[in-house]
Amino acid sequence: MLSLFLKSLFAIIIIELTIIHALPTYTVHWKCSIQQANTSSASSNQTVQPRQHAAPSSDRIKSLPEFKGSLPELYSGYLEANSDKSLFYTYAPAVVDSETFIVWLQGGPGCAGTLGFFSENGPIEISQSSPSPSLNPESWTNFANMLWLDQPFGTGYSQGQAAYTTTIEEASSDFVNALKSFYQKFPHLMKKKLYLVGESYGSIWSANFAEALLSEPSLNINFMGVGIVSGLTADYETQEQITASIWVEHISKLGYYFNNTSSTISEEFKKRNKECQYDSVLNRLTFPTEQYPIWRPEYNFSTSTSLRKREALDGEDIGNVFNSISGCDLYSLSNFLLYLENSCVITYDVSLDCSFNEYNDPLITYLNREDVRSSLHATKASTALTSGEGVFADGCNFDLYKKIVSNNVESVLVEIIPRLTEKYKVSFLAGALDLQILWTGTLLALQNTTWNGWQGFTQSPGSLETTNGFTLDERNLAFTLSNSVGHMAPSKDPQMVREWLENTLLY
């Protein structure tokens, strides 16, 4: 089942590729202690006291336009972040008795959780093949209680009179306050095992929000861990450039591209890696790795990709691509090589071809309808957040995105993830078909990260790899590569994603 929010996903991909440039270099080792929630008597008078009543009937979704059949139990409405802004939420309880409570955090930044609810892991789905809402048999509510948020403020249906939330600090504060508001509505969930799962830029939200929750004395919750799907984890060179040749080689082995030209491409990449000193970095991608920071070269990469694309495709041969894209921009080079065999290549899933229409988006049209907004209790969405194309426009708030990425964002691997792993589980999932966030770059970044007293993983992926991928799981941190998915894993292979969650994160 391929359930995508099409235009909105395309928008997410474009902006998340750009944000990678904003991440700084990191080559340091960390050993810190997590700041725990204060549960002493001195702060007990601040503790959130759950109200003993059932879920609010006013937030119950009683119907959805065009949905046929029995609607599952759903709630939506607003959670107060502070006096002048509220975040829109959708909550779906598990259909089985479950002690698991997952908060899903969409990427972008500036893309609404409502999109994920309808297109990735919620109980109701809308897709290109199914433009009317229908039951999603692979919903995460099959095993967990689920919450989706339109955050940060300025995203989706969220409403208020405040300025956009544009910093990690403010977004973290808003999230903590919104979660307090949520627990007041649904007090029985406070004792459930809480996990934050973020996709793409949502990896930054999930890790930072986890630390904010653990530093909040008024929340007495059962926090358990963080899941990161297609996560943005490193600076641009590490995430996209240095390991591009390994990514291309892996795609070729999977049989998607370059079946007859892989040896030629491999030789060309070998030359370029040496010229750019990437080979010295790749030599450190060992298991275990030596226990000192991995040095990497730095370059200024040209942004004139459209010009380079035209030049590279003129003549349509591999040699012309390598000649046209000189220097060390191996990410763009890889992208254009794929275009030679698939002129409709979509970077969030390189297995898609010209038969897929990324511009046919029934979900955004549906969410902008007045009757749908009324059914979802989203009638308070501020007109200030509404473009000429509706609240969701292309699915994401690009004005908000630009404001967020103008701030310097530190990789979550520098400090936060190592601290979290001291007491909690962190699990990464990456897709081999994702050209937006290269799994090879994430693995390189992890091998340059020290957590729980050791740098990187010790066990080699090669010793564990199957036709489906591999999983490394050491010292409270796991990394899974799936060969079946691209950037939006929950919609592409929901069964695999569930297995990843249950085997590496949920316990």
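Placement of Cβ uses the backbone N, Cα and C atoms for every residue, glycine included.
Listed in Swiss-Prot for this protein:
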- 1-22: signal peptide (SIGNAL)
- ASN38: N-linked glycosylation site (CARBOHYD)
- 41-64: region 'Disordered' (REGION)
- ASN45: N-linked glycosylation site (CARBOHYD)
- SER200: active site (ACT_SITE)
- ASN259: N-linked glycosylation site (CARBOHYD)
- ASN260: N-linked glycosylation site (CARBOHYD)
- ASN300: N-linked glycosylation site (CARBOHYD)
- ASP434: active site (ACT_SITE)
- ASN448: N-linked glycosylation site (CARBOHYD)
- HIS487: active site (ACT_SITE)
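Neighbour density for ASN448 (N-linked glycosylation site): within 10 A of its CB lie 25 other CB atoms from the protein chains shown. Listed recorded positions near SER200 (active site): HIS487 (candidates ASN259, ASP434, ASN448, HIS487; Cα-Cα distance within 10 Å).
Per-site Cβ counts within 10 Å over the recorded positions SER200, ASN259 peak at SER200. In terms of C-alpha distance, the listed recorded positions ASN259, ASN448, HIS487 place HIS487 closest to ASP434 (active site). Take the CB of ASP434 (active site) and look out to 10 A: across all protein chains shown you find 25 other CB atoms. Recorded residues HIS487 (active site) and ASN448 (N-linked glycosylation site) have their alpha carbons 23 Å apart, per Cα-Cα distance. Of all Cβ atoms in the protein chains displayed, 28 besides its own lie within 10 Å of the Cβ of HIS487 (active site). DSSP classifies HIS487 (active site) as coil under the three-state reduction.
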